[in-house]
Structure formats: structure tokens, C-alpha cells
Amino acid sequence: MRSLATKKNYKSEKIRGIRIFTSSFSILFQLIIVAISILPIVWIFFSSFKTNGEILNSSLSLPKHWNFYGYINAFKISPLHKFYANSIIIAVTSTILNVFFVGMASYVIARFNFKFKKVILITLSLSLFLPMTSLIHPVYMTINKIGLYDTKAGLILVYTALGLPTTLFLLNSYFLSIPKDIEEAAYIDGAGFFRTFIQIIVPVARPGFATAAVLQFLLSWNEFLYAIVLTNSKENRTIPVALSYFTSQFSFNYTSLFAAIVMVSLPSIILFALMQEQVVSSLTAGSVKG
Amino acid sequence: MNRKGFWIALFLMPTILIFLLIYAVPVFTVVFTSFFDYRGFSGRMTFIGLINYIQLFTSDSSFKKALGNTLIWILLQSTVHVAIGTILALILAKKRFGWKFVRTSYMIPNIISASALGVIFLNVFNPTYGIVNSIIKIFGNKNINTNWFFDYNTAFFTVTITWLIYAGLITILVLAEIMSIPESVFEAAKIDGASDFKINIYIILPMLRNILATCVILAATSMLKEFELIFLTTKGGPADLTLNLPLYLYKTALIENNFGYANTIGTVLIIMGVITIALVTKLFKFGESDV
């Protein structure tokens, strides 16, 4: 009996030792994660209010005076307002089209049985795993051929397609989770197919649509590769491309560059901060079921 | 066709058209034109069989470097990157003070534009005013002037850092899976006297097999798409040291206008994607039930 008790004591002390080690490790680990994630952005943010001289001589200090010259200059040396307007038009339009069209397809796939349903679903799913970087040339040729090179419409079309797999999976699993009698009642009342979709299904599936829309908006707002491949004029370029324009032409003007980075990143950060609970819960629900 | 059939077809139509235009026809074009000598905008194509592939794998040193780098990055991303994200998820699952703040912070580098991130890192690692060298100057080496992105010895390491340690998406996915494990499982383990560490290793991790497979696929295939963070920092240099396949494809297609050859690289990328997914699926017995 006694030996058993001492053994237990020894064991509990060992466990306590491990606990102290793991809890200090976990605190340190979290500190490092937070530091590497937000220090670079916070540093860029503060530096965007400094002068060029301050940035070069005392890069870690806070700005002496909070001035907005960097921001004002950024708009002067590049047509930033134009890029902003383009990004908003392209991101909003591609989000509406993507969520609406892919929503229609996901609804039909989730709810009805028809010929080739499995083949269609599997074929569409393949797009999720396709490295889109491999398609630069043919997509460029296609857009060129249909006369959409260097137009907002061309980028809208490609972005609508880029988000196809994510929206399909998200909405498909969302529709599967909605009870079927909701729309059956509508059909019995004599409502048409399209009206049932718009007036019954879309409102019920609003959280799913909202998440898909946020992700699609972020994708279009952030996209860079196809933006440089499919456009060549200031008239149609988007805000991520503006950054490369800044680094090549005004690389001596750090304040304006930093201001431009802040203006590119801030909308994404704000949108995510506002919608994150929604996005996180739907994302994971989708991944668990799908 | 009945009325319902008509509506089903109509609802599928836009998505299928977009899919054909931007995915299906381009994939076919990539594979088809990889067997042709096809350069410039004249549209002239000469069938040359496997010549592009032979040249790619036997005499193209840039391709060898790009392929090697891409493979190393796939390997690192599917191990180290996934491990970092998973460890953080295991820690945050305890829901100690501030766990949501940590989760949100870690997502920020994942949700801002990769182009912004590239320019941010270019400045963070700048030799004169960058935050990295400034901090090193405070804690010791006062004369440091390492040009992280452009020095032959540090370029590869620095480029790798810009994505390897930012595993916010992995954390979110794994964390949600842990939270869906029934509370009774943990309680039973605790009654049996298992430590947190043991619970993590022997109980939680095995239950995460499917989500980890998803994460490894996501992480590995992301390296077949990585472009912005290299393009806006080192541009593949110095001397192809940080070149990867997407960047090499981009250069071949848009700077040299050698479309047939670029699409041969594209075909290799697509095949690598297929192999990666097949391998991970097999390795993790993905999709099979746990019982």
C-alpha cells in the first residue's frame, strides 16, 4: 500500500513538472506567433506617418509628428484613386456574379437528382486542385480572343471563375444542411422554381452566401498574378498592382510606399475583423462535411 | 425535357460555361500545346513530339533549379508549416485568456494581399532601415548589414520564411476540428490520469487525421501556386537561387513568349498537383472512416 502511495506522489510531481514546462512553452509560442504576425504590419503603419529621414535614421521609433504627407503624396504620384475605384468595381461585380451563378449551381446539385450529377460535381471539383499558375498562357489567349484583354470585364470573368471551387463547396454543404420541407411547402403553394430559389432559399441560406461573398471579395481584392497578366493600362489595373508600380518607380519615397501598403491592406483586415466569426464557422462547417 | 429539367439545366449553365472557358479549355490547351514548337504571336505551331519535355529535363538548368526549389518548398510546407499551425491549434483549444486575439492576429498575414505582404517583407528585411536588422542592432551585432533577400547565403532562407511560418489557415481548420470533438472524450482521459501532453499526442492527434490530410494537401499545393511573394521580392534571384516553377513559367510565357515551352512547365505543374493529392490521400488513408 505504502509503495503505491509514494509512486502516485512521484507521478503527480512529474506531471506538475511537465505542466509547468508545457504552459510556459505555450505562452512563449503564442507570443512569438503574435509578434511575427502583427509586428511587420504595425511597423509599416507607424512608418507611414514618418518622414523619409526618420525611417532611414531611427526605424524603430514612433513618428515625431503624425503627418499624412505620405498618404497625400501617394495619391499625387500615382492614380491611386483610379486603382481603388477599379478594385472596388471588379471585386464587387465578381463577388455578385460568383455567388449568384455558383449559388444556383450548388443549389441544384445539393437538392435534385439528375443525369450526370456525379460527373458534373466531380469535374467541377477538380478546379479546386488545379494550380492556376499553370494556366497563365491559355487564359491570357482566351481573354484576348473574346476581346476582353485590358478590360475590367476580363478580370471580372476570371475572378468569378477563380472562386468557383470555394463557393461551390461552401454553398453545397450549406444547402445540404437546410431541411427540405421549407421549399416543398413553397412548391405546393404553386411558386415557380426561380421564385422559390430567390424568395425562399436565398434568405434561408444567407449566412452561407455571406461567407462565400467575403471570401470571394478578398480573393478578387487581393489577386495579383492575373491582374498583371490580363491588363496593361492604368485605366484597368487594380490596387495590388499599384504596389509594384510604387516599388519600381518611386522606391526612394518610403513614406508614400508605406502609406500605399496600408491603404491596400486595411480594407481586407477590416472586412475580416468584422466578419471573422461568420467566416470561421462556415469555413470549418464546410470542411468538416465536405 | 420536363419543366424541372429545364430549370436544373438553366441553373447549371452559367457555372458550367465559366468552368469550360477558364478551366477546362485552358487545361486542354496547356497539355496539347506542350507538344508543339509555339513561340510569339504569329500563331504558327509545329508539332515536335516530346522535344520540349526532353529539353526541360535534360538540358535546362533553370528548370532543374526551379523544380528542386518547388519540391523542397512542398516538403517544408507540408511538414513544418502544418506542424506550426497544428501546435498553435492544440494550444488555443484550451481557450486560455486571449486565444481569440492570437487566432485573429495569426490570420492577418493570410488575408491581406500577397502582393502587399511581399512589399512589406521587402522592407522588413531591408539592410539599412528594415525592422529585422534594426532589432539585431539593438541586441548585439551593431554592424549588421545583411541584405537578406539578395545575399547569396540568405536569399533562400528569407524567401522561405515569408510563407513557412504563417500557418493561420491551418490553425483555424485544425482548431475547429478539435472543438468538434465531444467533451466526454477529454473527461474520460482525464479521469484515467492522462496529462495534457499525452491527451494531445494519443487522443486528439489521431482524431485529426482527416483534417490534417486536408491541411497537408492545401499546404503542399499552395507551393505549386506561389508567385507574388517571390516576384515582388527576389524575382527568383540571385542566380535562380529562389526560382520556382510558377515564376519560371511566367517568365517563359510573358517575357520570352515561348508558349509551347511554358505550357510544358504548366503540364508538369498539373501532374505534380495530381501526384501530391494522390500521395497525401494514400499516406493519411484520407476519407476512410475511423471506426
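Backbone N, Cα and C define each Cβ position, glycine as well.
Automated prediction, rather than curation, is the source of TrEMBL annotations.
Here the transmembrane segment (A:20-46) has long-range neighbours at 60, 62-63, 258, 261-262, 265, meaning same-chain residues at least 6 beyond its ends whose C-beta is under 8 angstroms from one of its own. Taken from TrEMBL, the feature transmembrane segment applies to A:20-46 (among others).
Summarising the annotation, TrEMBL assigns transmembrane segment to A:83-107 (among others).
Per TrEMBL, domain 'ABC transmembrane type-1' is recorded for A:84-275.
Positions annotated as transmembrane segment by TrEMBL: A:119-141 (among others).
Per TrEMBL, the feature transmembrane segment maps to A:153-176 (among others).
Within the chain carrying the transmembrane segment (A:197-219), a Cβ under 8 angstroms from the stretch's Cβ atoms is held by residues 91-92, 94-95, 98-99, 102-104, 107, 159, 162-163, 166-167, 170-171, 174-175, 178, 182-183, 186, 191, 268, 271-272, 275, 278-279, 282-283, all 6 or more beyond its ends. Feature annotation from TrEMBL assigns transmembrane segment to A:197-219 (among others).
The feature transmembrane segment is assigned by TrEMBL to A:254-274 (among others).
When each of the listed stretches A:83-107, A:153-176, A:254-274 is scored by C-beta pairs under 8 angstroms to the transmembrane segment (A:119-141), A:153-176 comes out highest.
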